[in-house]
Amino acid sequence: MSEITLSELEKQYGDTTAVEDVSVDIRDGELLCLLGPSGSGKSTTLRMIAGLEEPTSGEITINGEDVTDQSAYERNTSTVFQDWALFPHKSVLENVAFGLKMRDVPKEQRRERAEAMLERVQMGGYGDEDPTNLSGGQKQRVALARSLAVNPDVLLLDEPLSNLDKRLREDMQIELREIHEDVEETFVHVTHDQDEAFTLADRIGIMNEGELIQVGEPTEVYENPANRFIEGFLGDTNFVESEAVRVTDDAVHVETELGYELVLPSDGDPDVTEGAELTLSLRPEVLSIEQDAAADSMEGHEQPVLADGSTLNAVVGTVENVLYRGSTVRYSVSVNGTSMFAERTGANTDALTAGEEVRIEWEGDDVLAFRPDGSQVTL
Amino acid sequence: MTETPTRVPTSIAAVRERIAGQSSSNRALLLMAPLLAFELLVFVIPFFILLRISFAESSANFVYAEGTVSLEAYASVLTNELLWSIVGYSFLIGVVVTVLSVLIGLFYAYAIWRSTGLVKSLLLFSVVLPLLTTLVIRTYAFRPLLSPTGTLNEILLSLGLLSEPISFYPGTIAVVIGQLYIVLPYAVLAIYSVLATMDWHVVEAARDLGASRPRSILEVVVPQVMPGIIVATVISFAWSVGAYAAPGVLSSSLTFAIQVEDMMYGMRYPEAGAFSVLMLLLMLASIAIIFTVLNRFGGEFDLA
C-alpha cells in the first residue's frame, strides 16, 4: 500500500528525449494504466519507478520518501517483465522465493510464502518444474507470484500480457483485476492495448511522444479526451475536417468536407471564432445508419435536418464496402466523395449492401471538436 | 492434366535417397566420418604408438629398444622425485593461470556483453588481436616488458611504487603472465559465446527483487554462463599445465613439456612416453574433477 509521486520526470538518451516532464500522483492502492503507442515513453517511465533507469531530471517519491537516487535493489518495487524474465536455471519455487532470499528470509518461511503465492496464481504443485518448460500463461503467473511474494510497495507491470494470445490475455486481465482487489496494493500497468487499459484500470494515464497527456478514469478520458490524439487513440472514430461559418450563443455552424453544413449545439458562448478550422470526431457508436427511404428527396448540400428544434444531424451517402466483424458490421460510406464509416451490431439482420444509398444520423451533442493544435474545443 | 509423378533418376537423387533411407544414427555417423578419420590419424594412432614406446626398454643404440615389453620406464618415472616436483610446478602454473584467466575472462566477457556500438567492437577486436601474432613472438615480447630493467619496472619505479626493481623475468611471475596472455582470449570467447545468448532482463529482474550488483551476478549470471566457464577452465588448465613456450621463453624452470623434450633429446623415448602417459591420466582426472565441481554450480554439461 503506497502512494507514488512522479514530478517533472525526464529521461534523455543522447539527443532524444524518451520521457518529458511527466508528473503524476499515483494513489494508494489504485491500478493505474499507462497507455500509449510504442515509443511513447510509458515503459521508460515504469523502469524509472523501478529504478532500472536513472531519470535525467525530476523526482520520484514512494510514501513521501525520495527514492530518485536509490538503485533498483534498494527500492521495494517489483516488476513483471514483458518476457517475464524468469531465472531459467532455478525451479519455479526458487524463482518465486528469490526476492525473499535476497531479503534474508529464513529458508522454511520463504518456502511457505512462495508456495502460498503459487497457490494464489493457480500454479500450486508446479514448484519443482523447470520454468523453461512452462507455457506462456504459466510463466506469466509465476512471474506475477515472484513479484508479489516480496510484498512490494508497488507492483509494476511492463506489458506482461502482450505475449499471450487474445483469449488467454482476456482471461488474465480479469484475473489480474481480481488479484489487484485481493492484495490491495498499488499497481502500475503499462500497455499499448486500449481494451486492456479499459478492462484493468482505475485510472488511465495516456502517453504520447514522451509526454503524459491526460490522467483520468476510463470514462473520463474516453468521453472527454484532452486532445485529438487521445480521441484517435482510444478507439476508432471518423475525423471530419471543417470550418466554422457561423457562431451563435447556442450553436456553431460548420461547413464540412462531407459537403454538408452541420450544427454543433453549445451550452453557451462557444470558444470558437468564425473562420476557425475544426476537426470533428464522429464515433461509430453515436452514428446510426439506415437505408435511406427518402434518398431521392435529399440533396447533396442541404442544411442539416432540424426536427422539432433538436440538433439531429444527418448526411446521405453510398455504401462502399461492408466489413463483417462478428459482433459488429462496419460499413464504409462515401459521402460526396469523402469516406466515413458507421457500424451496426452483427445481430441486425437487415443487412445493407454495397452500392446502397444510406442516411447516417447522430445527435449534435455527441460530436467533439478539436483545434488544429489538437486541443479540444469547449462547446 | 497428367497425374504421373515425374522422377529424375540422377545420381545425386539416388545418393540422397540412399542417405534418407539410413537410420538417423547411421546418418550422423556418416556425417562425422571425416572428423573421426582425422582424429584417428592425428590423435588415436599416434597415442597408441606413444603408449607402445612407453612400454619398451631403453636402448643404447636407438631411441628405444624395438620389440621389448617392460615397465622399466614407468618405474623410473614414478620413483624420480625431480619429475614429481616438475609435475607439481606444472600444475601450480596451470591452477594459477586458470583461476586468473577465468576470473578476468568473466569480467571481460561481461564488459563486452554490456557494451554497445564502437566500444563493443573495440573490446571484441582486442580479444582477437593478439591471436594475429605468433605465440612465440608474443611471448618473447614479455622479456623486455618484465625484465629488471624493463618497462614495467621503470614505470613502477618512476611512480614510486617500488624502491628497487623486481625481477619478474626470468621467473614464475613472467611465466604466469605470459601463459595468461596466451589463454585469455579463448577464455573470454568461450564465456562470451554463452553470455551473448543471455537475456539482460533476467539480471534486471534479480536486481529488481533486491539483489545487489555482485549478488545478481553470482545468483543469475554465473550459473547461466557455467557451460562457458567450464569450457574456459578446461582450455586454460589443459593448455597451461602442458605449456611449453611461456616457461621455455620466460623462465629457466622445468615444466612437464620441457622435461619431456629433454628426455627426448637424451634419447630416452620410453621414459618420455611413460611420463606423458602418466601426465595424460592426471589431466583426465583433473578435468573430471573440474566438471564435477563446476557442474554443481549450475553447469548444464553432463559428464559423459
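Just so you know, glycine gets a Cβ as well, placed from its N, Cα and C.
Taken straight from TrEMBL:
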type	residues	note
TRANSMEM	B:28-51	transmembrane segment
TRANSMEM	B:86-110	transmembrane segment
DOMAIN	B:87-290	domain 'ABC transmembrane type-1'
TRANSMEM	B:122-141	transmembrane segment
TRANSMEM	B:168-195	transmembrane segment
TRANSMEM	B:216-235	transmembrane segment
TRANSMEM	B:272-294	transmembrane segment
Sort out for me which stretch, of B:28-51, B:86-110, B:216-235, has the most Cβ pairs below 8 angstroms to the transmembrane segment (B:168-195).
B:86-110
Apart from its near flanks, which chain residues at least 6 from the ends of the transmembrane segment (B:122-141) lie with a Cβ under 8 angstroms of it?
108, 111-112, 115, 178, 181-182, 184-185, 188-189, 192, 245-246, 249-250
Taking the transmembrane segment (B:86-110) as reference, which of B:28-51, B:216-235, B:272-294 has the most Cβ pairs under 8 angstroms?
B:216-235
